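Undergrad: This is the feature table in Swiss-Prot:
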COILED    67-259  coiled coil
COILED    388-481  coiled coil
COMPBIAS  289-302  compositional bias 'Polar residues'
COMPBIAS  407-420  compositional bias 'Basic and acidic residues'
DOMAIN    1-264  domain 'F-BAR'
DOMAIN    393-470  domain 'REM-1'
DOMAIN    540-601  domain 'SH3'
MOD_RES   Ser296  phosphoserine
MOD_RES   Ser298  phosphoserine
MOD_RES   Ser299  phosphoserine
MOD_RES   Ser335  phosphoserine
MOD_RES   Ser351  phosphoserine
MOD_RES   Ser482  phosphoserine
REGION    280-358  region 'Disordered'
REGION    293-601  region 'Interaction with PDE6G'
REGION    293-537  region 'Interaction with CDC42'
REGION    390-420  region 'Disordered'
REGION    471-601  region 'Required for interaction with FASLG and localization to lysosomes'
REGION    478-543  region 'Disordered'
REGION    487-541  region 'Interaction with DNM2 and WASL'
REGION    529-601  region 'Interaction with DNM1 and WASL'
REGION    538-601  region 'Required for podosome formation'
REGION    544-601  region 'Interaction with WAS'
REGION    546-601  region 'Interaction with ARHGAP17, DAAM1, DIAPH1 and DIAPH2'
SITE      Lys166  site 'Mediates end-to-end attachment of dimers'
Amino acid sequence: MDWGTELWDQFEVLERHTQWGLDLLDRYVKFVKERTEVEQAYAKQLRSLVKKYLPKRPAKDDPESKFSQQQSFVQILQEVNDFAGQRELVAENLSVRVCLELTKYSQEMKQERKMHFQEGRRAQQQLENGFKQLENSKRKFERDCREAEKAAQTAERLDQDINATKADVEKAKQQAHLRSHMAEESKNEYAAQLQRFNRDQAHFYFSQMPQIFDKLQDMDERRATRLGAGYGLLSEAELEVVPIIAKCLEGMKVAANAVDPKNDSQVLIELHKSGFARPGDVEFEDFSQPMNRAPSDSSLGTPSDGRPELRGPGRSRTKRWPFGKKNKPRPPPLSPLGGPVPSALPNGPPSPRSGRDPLAILSEISKSVKPRLASFRSLRGSRGTVVTEDFSHLPPEQQRKRLQQQLEERSRELQKEVDQREALKKMKDVYEKTPQMGDPASLEPQITETLSNIERLKLEVQKYEAWLAEAESRVLSNRGDSLSRHARPPDPPTSAPPDSSSNSASQDTKESSEEPPSEESQDTPIYTEFDEDFEEEPTSPIGHCVAIYHFEGSSEGTISMAEGEDLSLMEEDKGDGWTRVRRKEGGEGYVPTSYLRVTLN
């Protein structure tokens, strides 16, 4: 069944139907285009979301990246990013294979439809013109027949009229004959026109228009087939990415199963274990018998041997609670000469410094200045720690681990250089045996450089081994002190003996005398040691930065800067949003990190 046979008289219906089919094709293309925009926006939002939650710092600089929870989260973000890439691929396939191709095909269909309907309308116009000619010849034949009949009646009436002349009768007969001849010609022309029209009409309805309708039917069926294929492309584009999306989902599942709480707990220990010994028991201080002190007892506390008692900074400071807030350390109160504050008693004895040897006084000043400078340095270290090569700024356990890492890295580099030296030696032997392969002298600079690197790395390995051994011994001693301290039962805080103050003083003196003197105190003269303590520790910039915005720096600890000003970076942001910088004309302070463009050395 075809349109040319069954719908031979439904030209307008076919015109509307084919137009509806093309409109449907355009609507589907528009739908897919909007679907593509949705996919692209979805993928863009997913990528923005992933970028928002990805860690800003590199994994090697981020301690949190060592936890399995963080690693799984980063892996999930990467899988989501891959998923977004698949959504972009779906959008691209739909845009190219559906939107572009169907739009081009729709334009071709519209041109073909226009051509077929123009051909049909042209055939209709030709048939209408033939019908008009048939009507004209028919009306002419009808008019000529009436006039011929009228002329024949006139000639017959004159022929019967006795008053009519012979000339009038002859004229009427000639007129009747002429009209009869004209009617006969009109009849023949009408018959020929009718025959021609019937032939054209039969050709129009049985051949010409059915062919046009069949072409329209074929065009519409091809359009429907292509549209159905376009419907299938919508699902095929999804099915093509299903395996990769399934891998993304499987990766998310693997990341979820990779969370290891026990390992994270161990990682936290590895990252933050200090290696310090636990604090010992707080000693009981008896203030109930202040009058039993010796008259010569002062802030320096002269023991029985006549030497002034000097308490170290660790004994005079408030006990540090490890779980409390980290307050800034304050320097111990000092007298104008650098010693402890004299006794507050108005009638107290004079200071034992009077009549002392000046060298002894200078020695006491040097020893008392050390805690003060140490407290100032610890105060500055609370704002920005100076990193040392032996990692002595870290707690013992962390120092040991960092030294172990550095030692392993240097050992690997040393082994690499040794292997390279062996390879160069073999290559040199080959060149010496077969000179056409190369000049042995050309390898001498590389061999020399390799030997220099080996010597340098050996020295570094020895240096780190010594530091590591010292750090390990320190960790072991801290562990031993902690165990022995906890094994000793605490002293009862009740019923102290009357001479507890003198006992504690003598005990402190005994403990201080049992401590081995350092190499610095043995070899360095007192005046040199005193001068070195007052020297400012140099701090070199770790980078430079440029001020993006103007900052007033009105609050305490901050510094003002102008927009575009070049500054030296002294300390990175510790997570509080502030960075310590130094101006070229002098002066250091903190400025907002978001106001800077930072470049590390």
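Keep in mind that glycine also has a Cβ here, set from the backbone N, Cα and C atoms.
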Undergrad: Same-chain residues six or more away whose CB lies under 8 A from the CB of Lys166 (site 'Mediates end-to-end attachment of dimers')?
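TA: Residues satisfying the criterion: none.
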Undergrad: Would you kindly list the residues that approach the region 'Disordered' (390-420) from elsewhere in its chain, counting only those six or more residues past its ends and only Cβ-Cβ distances under 8 Å?
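TA: That would be 270-276, 381, 450, 453-454, 457-458, 460-461, 464-465, 467-468, 471-472, 474-475, 478.
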Undergrad: Summarise the model confidence on the region 'Required for interaction with FASLG and localization to lysosomes' (471-601) as a single mean pLDDT, whole number.
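TA: 65, rounded to a whole number.
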Undergrad: According to DSSP, how is the domain 'REM-1' (393-470) divided among helix, strand and coil residues?
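TA: Each residue of the domain 'REM-1' (393-470) counted once, the result is 72 helix, 0 strand, 6 coil.
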Undergrad: From the DSSP assignment alone, can you count helix, strand and coil residues within the domain 'SH3' (540-601)?
TA: 3 helix, 29 strand, 30 coil
